[in-house]
Amino acid sequence: MEEYAREPCPWRIVDDCGGAFTMGVIGGGVFQAIKGFRNAPVGMRHRLRGSVNAVRIRAPQIGGSFAVWGGLFSTIDCGLVRLRGKEDPWNSITSGALTGAVLAARSVPLAMVGSAMMGGILLALIEGVGILLTRYTAQQFRNAPPFLEDPGQLPSKEGTPGPGYPSYQQYH
């Protein structure tokens, strides 16, 4: 499965870092807004102030964590594309596993293995859903079979013309 909308490999890393940062800031902002609202003292003004304060403090940190994950994932993915010479779902699955392992490298080895497995499984699920959606939607865009004419108007297989046409077999 080939993706045509992706940037070439050196720029893909920057593109994925920016996209991951944006996802982290938006998603983290929504989550932190709810969390800050719920944990603030009673009163609408206090709750709104707590919500904005939580977003201001935590959303950039969450976005940065997402950007690190996206950058490392894309770097490993581009390295595998270069090493293997082809771009397929196995690169993404392996990149997810290696990214999980590298980001958990400061922990105990068991946590590193667990993070690698979770990264690989998560990317395998994402790639599998992508392949299924591609196959499902590809059926919608197949060319329709050509319109068949009325078989009675087509010449017969023996070379005799259909009704209303003169026979030229005598001139052969």
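The backbone N, Cα and C atoms fix where each Cβ goes, glycine too.
Ranges compared are 44-60, 61-77, and Swiss-Prot records transmembrane segment for 61-77.
Note: Swiss-Prot links Cys78 through a disulfide bond to Cys9 (candidates: Cys9, Cys17).
Listed by sequence, the residues of this chain that lie at least six past the ends of the transmembrane segment (17-37) yet keep a Cβ under 8 A from its Cβ atoms are 47-48, 50-55, 57-67, 69-71, 74. Taking Cβ pairs closer than 8 Å, the transmembrane segment (61-77) reaches residues 12-13, 15-25, 27-28, 31-32, 91-92, 94-96, 98-99, 102-103 in its own chain, all 6 or more past its ends.
Cβ crowding, taken as the number of other Cβ atoms within 10 Å, peaks at Cys78 among the disulfide-bonded residues Cys9, Cys78.
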